[in-house]
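See structure below.
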Amino acid sequence: MAKAKFERTKPHCNIGTIGHVDHGKTSLTAAITKVLAKTGGATYSAYDQIDKAPEERARGITISTAHVEYETADRHYAHVDCPGHADYVKNMITGAAQMDGAILVVSAADGPMPQTREHILLARQVGVPALVVFLNKVDQVDDPELLELVEMEVRELLSSYQFPGDDIPIVKGSALVTLEDGDPSIGEDRVLELMTQVDAYIPQPERPVDRPFLMPIEDVFSISGRGTVVTGRVERGVVNVGDEVEIVGLKDTVKTTVTGVEMFRKLLDRGEAGDNIGALVRGTKREDVERGQVLAKPGSITPHKKFKAEAYILTKEEGGRHTPFFTNYRPQFYFRTTDVTGVVTLPEGTEMVMPGDNVAMDVELIAPIAMDEGLRFAIREGGRTVGAGVVSSITA
């Protein structure tokens, strides 16, 4: 059967299901596609189709992720679901599957469990903007007071990780009942209600082109008679000929003006997110600019050395370290286009970090890098990736 072509007229949003093992993340994913297939907004993906997610390699890390897509009346969604807990950890930290929001699935029969807590913490650390809760398996709970208790517990847990626990929509239903065409009042109707809440509560992400201009510098050339050209792929925003920009990172921030933009050797009047461009910068010497710096809209990003991060450390099988590391570990941190050495401080009570662990840590770099919260990086030793991380907060 030919796949229906999705019309890209609706705003697009990336979401995923998170939560404890066996609480019903994959069943809910299947249930959403089943219900939306009735209105032509999806192709039904059965549980076992989603469950045998293919392995992908992102930044040298093996991650199993299932991708489904569907649309509601208001939006087009790309939805990720991971088979194993480790896959979630890797996915959220590497940003392999970007999440603009997530559906937290909690079994009403069990209440919040350790991975529920860990996924909420990860969502907070990696900057997932909003969560909606699906309280699943309500068909297994006879006592309405028990349901209320579980709901209160989930709200308190969300609040303890700085999510607005009192305001987050919680929809109660059963993914399994939906898949088995059972009672719609806890099945299909609840899945539709969930999607209405997701549409309304998860904010529409800003398109990269609407954000302040930023281009990581990959290379620098000197063109006789014209000046210095920096090249790279525009990460966000737009740059027009004549715009004032800053060169940020590694050294003191310098202001300059873009006097020319070219792409594939053709002159343009602007470059935008996704374009590989060369930008001619006025009055800048070739030796003043280097790979690893960024070209950015003035005042939109600042250079920093110290930050808190959430990181995943590769296993030996993934090509990572064979041994643990301790506080004062000094690897290289690869941001955008370059490596910078940094010193790691582990949190109190964490003696060491084993390959395969994920950890919150403090890092101090030897040179400042243009960064904002949510920036992803690789941890490397001599060019070999041994970990992946995300900046959760900037400390200096």
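Glycine is treated like the rest: Cβ placed from N, Cα and C.
Keep in mind it's a predicted model, so treat the numbers as computed, not measured.
Swiss-Prot lists region 'G4' for one of the ranges 136-139, 184-187, 188-191, namely 136-139.
Residue ranges 19-26, 203-210 are listed, and Swiss-Prot annotates 19-26 among them as region 'G1'. Same-chain neighbours of the region 'G4' (136-139): 23-24, 27-28, 105-109, 147, 172-177, 182-183, 186, counting only residues six or more beyond its ends whose CB sits under 8 Å from a CB of the stretch. Annotation: Lys25 carries the greatest number of neighbouring Cβ atoms among the binding-site residues Lys25, His85 [cut-off 10 Å, Cβ to Cβ]. Around the Cβ of Gly19 (GTP binding site), the number of neighbouring Cβ atoms within 10 Å comes to 26. Taken together, the residues of the region 'G3' (81-84) have an average pLDDT of 89. Asp22 (GTP binding site) falls within neither a helix nor a strand when secondary structure is assigned with DSSP, and so counts as coil.
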